[in-house]
């Protein structure tokens, strides 16, 4: 029972899904199809009722035929009885006239009998009238029955023709329904294919938009890279200028060292021995950072780190140059050497 019930529920769901997925033409034609089917059922029921009524009328016609035959028999018997009574009455009247002519007295029994016969004649005439009325009513009923029978037969013929037309109409509607359903299915298939094509086209357009956005972002990154390259070139130009200033400062230091006493010249020579190491380190850093510029390397962190290191070294060299260019006679000789050593240590750090 549960399996049957589940199967029925599945069929209901399938029918509901099919009705929801049906085309608008199917939804439009289904009520008309149900109306035509209902009209066909009602026509069949009316035809069955007419057949039953016709059968009842045919049964009544048999009864009317039996009544007509019985009436015919009664009419024959009545005519025989009336003719017999009339013969007897005429015979009695002739006997009465003969007796009256000859002066014969009619006996009382004969008079009573004549009266009885007259009363019987009146009753027979009344019965004849009643039978005639009944015959006329039966004839009218028979005519009405024949008329109704003809009307019923015409109705039956009309219903038969309508029933014959209904299946043809039903087949025509079913053929039209199937043909339009096929057209609707083909239209649905075409629209589904068009929808799939539009969805594919939309996905391609989305990919193209994403590619355009990525290309735009890449262009922005390229612009940033070019800006960074320009900034780095400016920094390299500043480093070159600072190196030139450093060379000039070294020349001035060498000229000043030649004027100092020998002890001071000895310490200055040691400090100058530190300065070439510092200048070599600065030039080495500059050469390492001024190599071939590639887009990937300039856009990363090491280039910025090297530029910061170069700037720190240049700042240290400028500080040492300022200390070296200060008047040598303002302090003790070991003051200059300590300043140079601290500057060299700062450059190494």
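The backbone N, Cα and C atoms fix where each Cβ goes, and this holds for glycine too.
Quick look at what TrEMBL lists:
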- 174-252: coiled coil (COILED)
- 132-147: compositional bias 'Basic and acidic residues' (COMPBIAS)
- 132-154: region 'Disordered' (REGION)
- 264-303: region 'Disordered' (REGION)
- 319-349: region 'Disordered' (REGION)
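Each residue in the compositional bias 'Basic and acidic residues' (132-147) gets a DSSP state, and the totals come to 16 helix, 0 strand, 0 coil. For the coiled coil (174-252), the model's pLDDT averages out at 85.
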